[in-house]
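Scroll down for the structure; my scribbles are underneath it.
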Amino acid sequence: MTTNGTGAPAARVANLTKTYGTGDALVTALDDVTLDLANGEFTAVMGPSGSGKSTLMHCCAALDTADSGQVYVGEHELSGMKDKQLTQLRRDEIGFIFQSFNLVPTLTAEENITLPLAIAGRKPEQEWYRRVIDAVDLEDRLTHKPNQLSGGQQQRVAVARALVSQPRIVFADEPTGNLDSHSGAEVLTLLRRSVDDYGQTIVMVTHDPVAAAYADRVVFLADGRIVDDLREPDRESVIQKLTEVSARVDPAPPTEV
Amino acid sequence: MIKVTWRNLLARKVRLLLSAFAIVLGVAFVAGSMIFTDAMGGAFDDIIEGSTADVEIAFEGANDFDAQQDNRTIPADVVPKLEALPEVESVHPQNVLQSVFVIGEDGKVVGGNGPPGLAFQYTGATSLTGKPILTLVDGDLPDAPYEIALDKDTIEKGGFDLGDKVRLATPGTPPTITTTLTGAVEFGSGGLNGATLTIFDETFMHDQFFDGKDVYTSISLNAADGVSQRELADAAQKVLPPHVVAETGDDYVEDNKASLDEILGFLQTFLLVFAGVSLVVGIFLIINTFSILVAQRSRELALLRALGASRRQINRSVVMEALAVGFVGSTVGLGVGYLLALGLRWLFGLFGLDLSQADFPVTWSTIAWSYGVGLVVTAIASILPALRASRIPPMAALRDDVALPEATLRRRVIVGIVMVVVGGTLMAVGLSVADGRNSLIAIGGGILLILIGVALMSAVLGAPVLHVFGAVYRRLFGTVGSLAAQNALRNPRRTAATASALMIGLALMAMMSIFGSSASASTDAAIGKTLTSQFIISNVVGQPFSPDVAAQARKVDGVASVTQLRQAFPEVDGGNAFVAAVDPRSMGLAFALPVQQGSLADLGPGTVAITESTSESKGYDVGDTLTMTFQGGDVPLKVVAIFPAAPAVPGDYLVSLDTLTKGGLAPLDSMVFVTKQPGASTDAVRAELERITKDLPTVTVKDPEGYAAEQKEQVNTFLYMIYGLLGLSVIIAILGVVNTLSLSVIERTREVGLLRAVGLGRRQLRTMIRLESVVVAVFGALLGMVMGVVFGSTMVLALKDQGLTELSIPWALMVTFLVAAAVTGVLAAVIPARRAARLDVLKAIATE
C-alpha cells in the first residue's frame, strides 16, 4: 500500500459550498467542504442519499460548478474556467467510470477504450495500452460492440478507458451499482490494482460498504459536510461508521444503508 | 386515452410542428393551385360573360375561345336582314382582329410580349351581365382613319394621354401604323386580364385589314323584349348564309367556359403534380417522425399496455395524434395556400397575365380538398408507426432495453423490388405507347413507384455508401468523423427514410436537368443540321405577325429566297395536332429535312408530311389519308412523306400554305426563313432585315445560333420554374433531416453527455452532428442523382424520335446539386447541433 499524502494532492477542494433551489425549497448540497485527495490514493466517498457525495464528485470532476470555494485538479484551479478549458481538463486529466451507460454503443470495446485519446487526437502509448488491456483481461473482446458484452465486461472496458489516458485522477460513480457481486468484485480488484501497481489516484462514490472496503480511505458525508474520515477501512468498520453517521442525521434507526 | 393523446401532443409540440410543416407545404400547394385556377377561371368567365350578347353569330368554329384569326367573313348585306326580324332589338356587327399590339415609348409591347392583343370597332351591344360590352369612359370614339381608343388599363400601363400618337403592330400591311389616341374604353366585365384592346373606326378597320370590303367576322344580337335567346337564334339562323351559325349567348358562354376549363385543368394538373411530390415527401417525413416518437415512447406505451390499454387503443392514440397534426397542418396550409395563390398572381403577372382585378375565392371545394388531403396523408403516414406501437409487448415496460418489433429488412427489399419492377414496366409501357395524357400518367406513376421502391430498399442499398463515408470521414476528421458515420449507420432505416425524402426531389431535378440539357443539345444539333437559311425572323412567344414582313424581305438586295412558316392547331383523329405550313417550292432553300420515307417533293395541296413519331403513334403510312379538322372545316390530306422531328420545323405535321387557307385561317406568319444569295454580304442583308423589323417589337431577326439560343432560353425558363416547384419538396426533405437529427440527439442525450464527460469539446460535438447530417443529405442526393440520371437518360433515349436526338448529362450541374446537398446538410444541423452542444453534461448523463 502506498504511503498517504506524498507531495501535492491530486485534487483539492477548499470551502466548497453549493445550494439548490430557493426559499423553503433551499437544499444545501455542499456546506463549506474542504478535502485533499492525495496522489496515488484510493478514496471512497460515502453517505446517505442527499448527503452531497455525488455533487462533491461532480464538482471535483469539472462536471459541475460550486457556488463558492475552490477546486484544484493538480495545479489547475477550476473556478473561472470556460467550458472549453473544462472539457480539455476532463479529457486530459480526469478519467470517468459511471454506474451505467459508460460506453458509446456504436464503437467497439477497443474504440471505446481509446476514445478520450482519439478525441484529443493522440495515439495511446503502446506499452501502457498493453498493460491496461492485460489488466482488464479483455484481449479477445476488443472488437466487440458494447451490446455483445456482459455488464461486468462493459464496466471493465470503462475502467480501461479511464486508465488508458493516464489521468491525474479517476472518478468512479457507483461503478458496481449495476453489477452482480462477482463482476463487482472483479471491477473493484481492478481499481485496487491500478492504485497499487501504477499509483493511480481514484475517487469512488458508493453505497456499498463492501466496495468501500477496497479503498485506502473512506470519507463520510452528511448534509453536505464531511462528518468522518476513515483510514484503512474494512467492511465492518465502514458499516459501523455509516450507522453512526445516519443516526446523527436522522434520529430514527436506519433500516438499511 | 384521448387525454393521453392530448398530453402527448402538447408535450412534443416542436417535433410535431416540424412534421406538420410538411403537411402545411403540401396542402398549401394544393390549396394555392385551386384558389389560383379558380381566380383565373373566374376572371376569364367574367370576360366571356361580359363580352357575350344574347346571340352570337359567326362562322362555325371561328368564334371559339381558342380560335386563331379566321379568314372567313360575313357579308354586310346580312345586317339589314337581321334588323328586319321582329325578334331582334339591335344588331351589332363586329370585326375582331387578333395580334394587334400597342407599342410603348420604349419600343416594347405594352403589357408584355405574351398576353393577346385584340382589336375591334365600337359595339353598342349589351352583354349577358346586363352591362354594355364596351363603355366609353374618356374622350371620343375613333371616327376617322388612324384614330383609336384603348382600354384604360393599357393607357395607364403605356403612360399615354388622349391626343398622343400611339404606334401599333398589326397583322395588316404595313405592319406598323401610327395612330392618334382619342378615347379610353372600359370592357364590360372591368378587366382584360392583361390583354390589350384597341378600338378602330369601322371604315378604317375594313380598309386596313379586310381589303376594303364591307364584311364582318361576327355579329352580336340583342333580343327584343320577351324574346328568348333560343327564339332569337332560331329566327336569325334562317337569314344567315351557309356555315354561319347563330348561337345563343348561354351556349356560347358554356362552350367557351369548357375550352377555358380545359386549359385551366392543364395548369391545375401541372401544379397539383408538384403538390403531389411534396406530399409524398411529406409522408416520408411524417412516417419517420412518428416512428422515432413511438420508439422513444415505447416504454411509456408499454406501460399503458401493462395498465390495460388494448392494442387498438394504442393504435388509435397514435393515429389520433397524427390526425391532430394533420388538422393543424391543413388549416395553416390553407392560409399559406392563399398567400401562394397571391404569389402565383404576381408570378403570372410577370408574364403579362394581369389578375389584379380578379377575386381570389376560397371555395368549399378548396377547403374540402385541403383538409381531405392533409388528413388522409397524415393518416396514411401514421398507420405504420401506429401498428408498430401497438405491437409493443406490455413486458417492455419492465425491461431496460426496449427493442421495437420491426419488420425485417428483407421484406422491405422484396416489396421494394416488386415496386421497382412494376414501376419500370409502367414507364416502359408509357414510353412505348405514345398516348398523350395516359402515357404521361403511366410514366409519372412508374417513376413514383420506382422512387418509393428504391426508398424502401435504401436502408440496404445505403449500407455500402455509408461505410465508404465512414472510411473517408475517419481519414479526414478522425474520431469525430467516424462517430458521425457510425451514428448515421446506427439506424439504417431512419437514415434511409430521411435520405429518401431528399432523394425524391433531387431525382426529379436531375431528371429535368438531363431533359433540359438534352433538349438544348438536340436543338443545337438539329438546327445546325437542318437549317440552311441564314436568318430567321420570328416571335419568341409564337405570336403570329403580318405577312408583309416576308413581302418586304423578298425585296431586299442579296436575298435569294424567303420561306414563310405558319402554324395551326387543328384536330387530327380526335386529338390536338401541331401543324406547320410552308410553301413547298421555297422550303428546300430554308431547311434540309432528312426524309425517312416518301418524298417532300410531293408536298403540295391536299398532301401532308408527318414526323416519324406521329407515324408510329397514329399508325399513318405514306399513301394513307388523314383528316385535319380546322375551325373552318375538315381538310382531307394524303401522307406523302415521313421525316424525323426537327426543332427547326415546329410541328408534327407539315402542310402547304393553302391547307390553312382551306381551314379558314387568316394568312399570318409565325416564322420567316431568309436565305441570302451566295455572294451577298451577310451583314448587309442582316442590316436590311433589321430595318424592316425595327418597328415591330413582336418580331426579331436571328441567325441560326441566335434562334437556337432563343429556343434554349425558353427551355431554361421552364426548367427554372420546375426547379423552383421541386425546390419545395426539397425544403420539406431538409426539414425532415432537421427533425430526424433533433430527435436522434434527444434520443442520444446520455451518449452525448458521456462523450462530453470524457472530453469531447462543444465544437467537436457540433462537428460530429454536422457531419452526420451531411452524410444523410449527401447520401440522399447521391441516390437522387443516380435515379435522376437513370430516369433522364431512359426517357431521353426513349423520346429519340420526338426530336430528343442528343443525350446530354450536365455533370457540372449534378456536382453542384451534390455540393448544395452537402451545404444544406450543414445548415440542417445548425439547430440540432446547437441544442446538443448546449446540453448540460451532468443532466445528460443522468437522463433516463
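Cβ atoms are placed via backbone N, Cα and C, with glycine included.
Among the features that TrEMBL reports, domain 'MacB-like periplasmic core' is placed at B:17-238 (among others).
Annotation source TrEMBL lists transmembrane segment at B:270-295 (among others).
Model confidence over the domain 'ABC3 transporter permease C-terminal' (B:273-394) stands at 84, taken as the mean pLDDT rounded to a whole number. The feature domain 'ABC3 transporter permease C-terminal' is assigned by TrEMBL to B:273-394 (among others).
Annotated transmembrane segment per TrEMBL: B:322-348 (among others), in sequence order. Beyond the ends of the transmembrane segment (B:322-348), by six or more residues, the same chain brings 5, 9, 16, 19-36, 39, 286, 290, 355-356, 358, 360, 362, 366-367, 370-371, 373-375, 377-379, 381-382, 386 to within a C-beta distance below 8 angstroms of the stretch.
Per TrEMBL, transmembrane segment is recorded for B:368-387 (among others).
Look at TrEMBL and you will find B:413-434 (among others) tagged as transmembrane segment.
Remote same-chain residues near the transmembrane segment (B:440-473) are listed as 273, 280, 284, 409, 412-413, 415-420, 422-431, 433, 481-482, 484-486, 488-489, 492-493, 495-497, 499-500, 503-504, 507-508, 511, 771, 775, 778-779, 782-783, 787, 791, 795 (criterion: CB distance under 8 Å, separation of at least six residues from the stretch ends). Residues or ranges marked as transmembrane segment by TrEMBL: B:440-473 (among others).
The transmembrane segment feature in TrEMBL is assigned to B:494-515 (among others).
Residues or ranges marked as domain 'MacB-like periplasmic core' by TrEMBL: B:495-691 (among others).
Summarising the annotation, TrEMBL assigns transmembrane segment to B:720-746 (among others).
Annotation comment: TrEMBL describes B:725-840 (among others) as domain 'ABC3 transporter permease C-terminal'.
TrEMBL lists B:773-799 (among others) with the feature transmembrane segment. Long-range Cβ contacts of the transmembrane segment (B:773-799) within its own chain (Cβ-Cβ under 8 Å, at least 6 residues beyond either end) map to 427, 431-432, 443, 447, 450-451, 454, 458, 461-462, 465-466, 469, 473, 484-485, 488, 495, 498-515, 518, 733-734, 737, 740-741, 807, 809, 814, 817-818, 820-822, 824-826, 828-829, 832-833.
According to TrEMBL, the feature transmembrane segment maps to B:811-833 (among others). Listed as Cβ neighbours of the transmembrane segment (B:811-833) (distance under 8 Å, sequence separation of 6 or more from its ends, same chain) are residues 502, 506, 509-510, 513, 517, 730, 734, 737-738, 741-742, 744-745, 765-766, 769-770, 772-778, 780-782, 784-785, 789.
Non-local neighbours of the transmembrane segment (B:368-387) in the same chain are 23, 26-27, 30-31, 34, 279, 282-283, 286-287, 290-291, 293-294, 314-316, 318-319, 321-323, 325-327, 329-331, 333-334, 337; each lies 6+ residues outside the stretch with a CB under 8 Å from one of its CB atoms.
As a summary of secondary structure, the domain 'ABC3 transporter permease C-terminal' (B:725-840) carries 99 helix, 0 strand, 17 coil according to DSSP.
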